[in-house]
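Right, one structure below, let's go through it.
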Amino acid sequence: MLEPDFVKGNGLIPAIVQDCITGEVLMLAYMNRESWLKTRESGKATYWSRSRNSLWIKGETSGHYQIIKEILIDCDADAIVLKVQQTGAACHTGYRSCFYRKIVGESFEIIGEKLVDPEEVYK
């Protein structure tokens, strides 16, 4: 099976996640070889949580799964783009995308759509 070069990034590669229809950037996460293999095997995005130091199946707690539709790999084979069918919010804050804020001068402007209350989703 083809796979990214996990050596360059000390075992991790960045995974940029995009909506497969709109092209909207939903999030950035990291994958190790184990999460890569699980993702390829299951068809659901699985990442490596750097804070918890464990595998993380996107949507396992919230129900907001990311179904893989296409995978792109960069020229150095050390970063990927996952084109996904997003169910619900991609961001743990309840927004559709983790990139829901725009920098305007010295402040943030909310430009994204909040889909859920995280207090209700992550009980």
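Heads up, the Cβ atoms here are built off N, Cα and C, so glycines get one too.
What Swiss-Prot lists as Mg(2+) binding site is ASP74, ASP76, ASP78. Annotated Zn(2+) binding site per Swiss-Prot: CYS75, CYS91, CYS98, in sequence order, evidence recorded as sequence analysis.
Annotated Mg(2+) site ASP74, ASP76, ASP78; additional same-chain residues within 8 Å of its Cβ mean position, judged by their own Cβ, are PRO4, ASP5, LYS8, ILE13, ILE73, CYS75, ALA77, ALA79. Around the Cβ of ASP74 (Mg(2+) binding site), the same chain contributes ILE80, each under 8 angstroms and 6 or more positions distant in sequence. Each residue contributes its Cα atom, and for CYS91 (Zn(2+) binding site) and ASP76 (Mg(2+) binding site) these two points are 28 Å apart. In this structure, the binding-site residues CYS75, CYS91, CYS98 were compared by how many other Cβ atoms lie within 10 Å of their Cβ, and the smallest count belongs to CYS75. With the fewest other C-beta atoms within 10 Å around its C-beta, ASP76 stands out among the binding-site residues ASP76, ASP78.
In this structure, the CA atom of CYS98 (Zn(2+) binding site) is 22 Å away from the CA atom of ASP78 (Mg(2+) binding site).
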